[in-house]
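Reviewing the structure listed below.
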Amino acid sequence: MPKKLFIRTFGCQMNEYDSDKMADVLNASEGVIKTDNPEEADIILFNTCSVREKAQEKVFHDLGRVRHLKKLNPNLVIGVGGCVASQEGDAIIARAPYVDVVFGPQTLHRLPQLIAERKAKGKAAVDVSFPEIEKFDAMPPSEIKGASAFVSIMEGCSKFCTFCIVPYTRGGEVSRPFNDVLTEVADLAAHGVGEVTLLGQNVNAYRGDMEGTEEKADLALLIEYIAEVPGIERIRYTTSHPREMTQSLFDTYVKVPKLVSHLHLPVQAGSDRVLAAMKRGYTTLEYKSIIRKLRAARPDISLSSDFIVGFPGETDEDFEKTMKLIDDVGFDSSFSFIYSPRPGTPALELDDSTPADVKSARLLRLQKRIDEQAQAISQTMVGSIQRVLVEGTSKKDVHELAGRTDNNRIVNFSGNPRLINTFVDVRITSSLSHTLRGEIVIRED
């Protein structure tokens, strides 16, 4: 009987991708299969996120909840991977001595060896090093799960914003070779994938080596080549940094219709004083200039962003500037949070005296404004025909289908389940608070 693996994933899309790769590695080496039930698992892995303190503490809480399973099954392997593992290393074993393996984002491919080392030596195995591109070279082929797939094209971050722990937990920016990415995309397309999402902490900083030349490919060139892969109908990329938005990338929105009309471009704040304290490397005017260029290239582009509320020293005036930026840009959605101090980051040394209730009130105001804007944008889509990738059944009604539009909206509609993992045309009939409703359009050629 094959061994079973349970994985709990915290955090970003990169972590979701990494969790899939953990499963692929263990399946290829030992025939391990996934389970949704930790109580029947032979291996339990936590793929962690350290961007915010709450997510970090949740990991140790969840570790405590599976400790009893170790007593019931002494052969159970418990592992901690991801950014908390990279940050804490051996300290995880000190705090939770029943953990067997600790590995970082760049060493997940070594999982089989780490598990074998744990069993051979009788003590926890820890590897949180940064072996750059080795991880990708050691990966087995991906398991194809549908018509949409993530493709990691680079790792790490070299920006060192004062609030962010990612450069310390994932290392500096490292890009995969250009041809390696194209080969993976072509393989995915050959197995029925029609939509790819290119992943990286700063994905638009991609600079991949090209065979036969000393030149490096940027994200714009990579997208142009991916668009030529037979079977690929839609291309996304995330997450971007404003400092890496180039004219060649703006031009790609004109040249490549398969590149979606949606971009997640974190701004974090609308005050130049706060942006400087964060060391983001741009001003609000420069950010708005980027938005103007994007909309000149793709007028209907939908924009989402990240916001940190209550950064040390943020005044009421600073926050009002953020609200003005939200109005000026017309963001479609956001990931917005109250500032969470991270150990080892420069912002930890800044005065953080803003009362918690003030921070909470600011966050609620910001989220309400963006929700209002999102609903207004959704309303303008009513009556339009949207190309939708059918992802599965609706979360609220299993008798309906749910899919995603080019501009990243969820649409629920009636249809045959055989349409799952295909593209269909849907007329939007109504707009709800967070989703759209529609009906399939049969085109007459």
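Every residue gets a Cβ built from N, Cα and C, even glycine.
According to Swiss-Prot, the protein carries these features:
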type	residues	note
DOMAIN	3-120	domain 'MTTase N-terminal'
BINDING	CYS12, CYS49, CYS83	[4Fe-4S] cluster 1 binding site
DOMAIN	143-376	domain 'Radical SAM core'
BINDING	CYS157, CYS161, CYS164	[4Fe-4S] cluster 2 binding site
DOMAIN	379-442	domain 'TRAM'
Close in space, distant in sequence - CYS164 ([4Fe-4S] cluster 2 binding site), Cβ under 8 Å, 6 or more apart: VAL51, CYS157, ARG342, THR345
Fewest-neighbour residue among binding-site residues, criterion Cβ within 10 Å, set CYS12, CYS49, CYS83, CYS157: CYS12
Residue pair CYS49 ([4Fe-4S] cluster 1 binding site), CYS161 ([4Fe-4S] cluster 2 binding site) - Cα distance, angstrom, rounded: 17
Additional residues around [4Fe-4S] cluster 1, ordered along the sequence, whose Cβ is within 8 Å of the centroid of CYS12, CYS49, CYS83: PHE10, GLY11, MET14, ASN15, THR48, SER50, VAL51, ALA55, GLY82, VAL166, THR169
Nearest-integer angstrom distance between the alpha carbons (Cα) of CYS161 ([4Fe-4S] cluster 2 binding site) and CYS83 ([4Fe-4S] cluster 1 binding site): 17
Non-site residues, in chain order, whose CB comes within 8 A of the mean position of the CB atoms of CYS157, CYS161, CYS164 at [4Fe-4S] cluster 2: LYS159, PHE160, PHE163, ILE165, VAL166, PRO167, GLN201
CYS161 ([4Fe-4S] cluster 2 binding site): tally of other CB atoms within 10 A of its CB: 22
Three-state secondary structure, which DSSP defines for CYS161 ([4Fe-4S] cluster 2 binding site): coil
